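What Swiss-Prot says about this one:
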type: BINDING; residues: G607, P608, N609, M610, S611, G612, K613, S614; note: ATP binding site
Amino acid sequence: MTQYTPMIQQYLKVKADYQDAFLFFRLGDFYEMFFEDAVKAAHELEITLTSRDGGSSERIPMCGVPYHAAKNYIEQLVEKGYKVAVCEQVEDPKTAKGVVRREVVQLITPGTMMEGRTIDEKENNFLAALTHFEDGSYALACNDLTTGQNTVTLLTGSVEDILLEVYATGSKEIVVDSSFSKDELNKLTETLKMTISYEDATAIPEGLEHLVKNVSQAKLIKAVGRLFNYVIRTQKRSLDHLQPVEIYYTNQFMKIDVHSKRNLELTETLRTKEKTGSLLWLLDKTKTAMGGRMLKQWMERPLIQKERIEERLEMVETFVNDYFLREDLKEKLKEVYDLERLAGKVAFGNVNARDLLQLRRSLLQVPAILEAISLLDNAYAARLIQGADPCESLTELLGRSIQENPPLSIKDGDIIKDGYNDKLDQYRYVSKNGKTWIAELEKRERDITGIKSLKIGYNRIFGYYIEVTKANLGALPEGRYERKQTLANAERFITDELKEKETLILEAEEKIVQLEYDLFTALREEVKVFIPKLQHLAKVISELDVLQSFATVSEEEQFVKPVLTTKREIFIKDGRHPVVEKVLNGKLYVPNDCIMPEKMDVFLITGPNMSGKSTYMRQLALVTVMSQIGCFVPATEAVLPVFDQIFTRIGAADDLISGQSTFMVEMLEAKNAIANASERSLILFDEIGRGTSTYDGMALAQAIIEHIHDQIGAKTLFSTHYHELTVLEDSLDQLKNVHVSAIEENGKVVFLHKIQDGAADKSYGIHVAQLAELPDSLIARAKEVLAQLEGQEEIIIPKRVEVKAQEQEQEVIPEPIVVKEEPVEIEETKVDNEEESQLSFFGAEHSSKKQDKPVLDAKETAVLSQIKKIDLLDMTPLEAMNELYRLQKKLKKG
């Protein structure tokens, strides 16, 4: 390294401690990057890559950005998942001996960004720290540096469970120790697209012990310690806004796995990854940024405690029933800025005068909000606002100190009001009167010299001066002015009197700017004392904002308050999919009931493609989630249990999500539900088994249905195209067939989108293909193939095998009874061997042997016609036997 110049040596020494970050190295008015950083940054930021002599034989790659524009470039890099170390000059270059001393003052990472376009005002920006213990458990600690919020929990499940919880936090960066499993890190980066950082220190840093007073478990303290040490190491500044650590347990909330959250589109759509079109988009009527963040947190973790849910529902009902209270609250909330993040900026020392003005305007609304809520006859409301301090003394302090329209920079002056500080008032008097004297001097000199164009001006280099154009120089009295500067068309002069006043004015203005800055920083320290009270207020206001948001959307969309029951029953009358209904924007939406009594666990749903089966299934899940976050639901009546978990396996359908999963993913998701669901869970399986061959898929689907029915007992909606499975209703007493209805008119299918009892008679797949405008020739061919396949159908009816309790762990394979129906041909149709082989999917004996074509008389043809019209799925076994006996008797008659 000795071959490099001293400055490059300094750069390399600093860079050695920040190998995983871009080093923004301050050189005068620029931040420069060198070597590999320069090459990569030039590409990512689309800026010019150049080079410079660094003392070695080869020139060093270099790029740079102006310091005043650095914020934008840093945001671009962090948005892409990179880290940026900001290295500043920490001594005055004019007084430095040798190379100017430089230090990294902040490491900016995806999880520690405080502001910028990467920070959504209605989303937290969590940094997570994960600690793995020898017994297989994990501790997960999270911090949002923008709000000061800290949480920690202990996790004991599989890696998938860990991923679920990390996903729920929405963290963009995760901190682990240097020995963390590489395989697990790969899962984190591949599944959740997170930035990985390392920190081995786990002791709680000095000065932050008070934040973990309520945390006694050693595992949790280690995770929090890792988190805090990383934050201190990267931020290198005051963390006074950090809030006491909140412990939570995952079993306090409804569990929804990562895939289910995506399938249900709770907070973002699968196709665009945007909020618009999600359930969050529909429910978000919050008026404050912090309310929006709390809403998202509630949606990520629905409650499972019946009493807590009912508290929220009662509060929402209060707002629904009191229009004037709700509207008045909304108007006041509009004027409340982001108290949490304002408190964070105060602690970090980057708050400006406009921020404090926003804080004051927010606090002005608080007394009226608290008073209105205190008048409610509601225990939850009283408990919510208990201990909330309106901070009236802070409001008064800010009111008499900060100007109404302050500049953005705190170094430009004009921040502090007149009357706040006596010395400042004196300086302002001198400055103001001095400028008045300048104006009077200009008028007097014009009168004395008779030069109307004479003017007194000012610039930073020469100070105040008297300017006379060259055309008027002859009118000046000899020796009146002292020449200062010559211009092309004018001369500039000064006088002793002007210089004296200049000194007074400039000293006053400099002192004004400096004193205002000092007063502002002192004021900022006074505001710091109020941070805990402001954070408590923020939580109260956020919760009220979410509850009014629920009330507003419930009123607008005609939702109903759900009744929670301890029984395992679902009663939803005229239920709707809330997002689909909203997107239809006034067009007719067909509501559907979902009535599952205590002893009814499985709905087996059949029906045409694109008829709305998947929408119906999602509808139930969304109604459940809405109920358990405390919101009214889209129905005319709803009685619901409290579910502990939701599992979904929903593929591409109904234009709600995109992409198609592999069969392996399908089976893994099914396994997850089967392994973890309880009788208090909700399972939604859409077309399980479609990713493999017909028989394999049907067998797996039946086995899964039977297992859920017999062993789990979870409320389940199971849609299928395997109409053969509808016979399970006869052997599974807690399973019911339902279908989505459709009718044919003039050869076209009309989807009624209505759920009805019983099984569907057909799938209308070819009709859907017609709707998709496939070629007519292809449609015609499909109809030919369908007709021939229907003529050589093979029905598999597995025997129902009762499994004793002590035998449940053994694998039991039902013995199938195979009933082969020989094809019956009415018309003479020639099909060569090759075509027959292609069309037969049901074994070699059908494709290798030519069947003798029977000759039917008129009576046999009539009976065959009657058989075709019989709907066996609507008949009991006894009715089917009687019908078969009647037809057989008819054929035997002479």
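Using the three backbone atoms N, Cα and C, a Cβ is placed for every residue, glycine included.
Since we're looking at a predicted model, the values are computed, not measured.
On the structure: features taken from Swiss-Prot.
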{"residue": "G607", "record": "ATP binding site", "Cβ neighbours (10 Å)": "30"}
{"residue": "P608", "record": "ATP binding site", "Cβ neighbours (10 Å)": "23"}
{"residue": "N609", "record": "ATP binding site", "Cβ neighbours (10 Å)": "21"}
{"residue": "M610", "record": "ATP binding site", "Cβ neighbours (10 Å)": "21"}
{"residue": "S611", "record": "ATP binding site", "Cβ neighbours (10 Å)": "27"}
{"residue": "G612", "record": "ATP binding site", "Cβ neighbours (10 Å)": "25"}
{"residue": "K613", "record": "ATP binding site", "Cβ neighbours (10 Å)": "28"}
{"residue": "S614", "record": "ATP binding site", "Cβ neighbours (10 Å)": "26"}
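In the three-state DSSP scheme, K613 (ATP binding site) falls into the helix class.
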